[in-house]
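What follows is one structure encoded as structure tokens, with my remarks underneath.
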């Protein structure tokens, strides 16, 4: 007996399609997470709430589908009434989940369906920061074109520029600065972009940020200063190179 047959049998025996609890919060969420397309359709046909929220990591079925790169299921859930701006879960909303996974098709679809590009919440604060953190330059550009706030604050990295700097993604860093990102914006785990880049050992990004006016002696964040971050770089040799450059620029 396959999974779908078992599910049908359970419903015939009176199983509540919207029962809450467990690792996946509800049956629909579990089916989406496991990419069981036929079961997803069955649950919805039987009255499963497509907007049911839970305490799990991915919040709701749409966010789980977006995070898993399941465009077909995302479209189906939206057609069945899933709220594209529903809040909750690790990513805060479905758009941030898709952006964090670098799925441009789902990102574009959700925005077309009304997803708020500046919605706040979740680990990365907003979709732009999630895309910047994972090096999705195409998504970063798309979100900015659609009105994403370059300097929006919030999330683990404080802002999109800091996220891109931590990632070591020079292309995205340059794009964000060209579009008006504040190189000295404070907030997040590393407090400012220069410290994030220094910790990652990204000499090219460090040089670029300094050229654009980043304060080499700015205080704050996990390591206090960019110099200290460079000295604690995960790659000691790269960190030393960055530290030498920062010192030449007056850092202490």
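Keep in mind that glycine also has a Cβ here, set from the backbone N, Cα and C atoms.
Pulled from TrEMBL, these are the features on record:
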REPEAT    1-22  repeat 'ANK'
REPEAT    23-55  repeat 'ANK'
REPEAT    57-89  repeat 'ANK'
REPEAT    93-122  repeat 'ANK'
REPEAT    123-155  repeat 'ANK'
REPEAT    156-188  repeat 'ANK'
REPEAT    189-221  repeat 'ANK'
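Residue counts of the repeat 'ANK' (23-55) by helix, strand and coil are 16 helix, 0 strand, 17 coil (DSSP-based).
Sequence-remote contacts of a segment are chain residues at least 6 beyond its ends whose Cβ falls under 8 Å from one of its Cβ atoms, and for the repeat 'ANK' (93-122) they are 58-60, 62-69, 71, 74-75, 78, 84-87, 128, 130-131, 133-136, 138-139, 142-143, 146-149, 152, 154-155.
In the repeat 'ANK' (93-122), helix, strand and coil residues by DSSP number 16 helix, 0 strand, 14 coil.
With DSSP classes pooled into helix, strand and coil, the tally for the repeat 'ANK' (57-89) is 16 helix, 0 strand, 17 coil.
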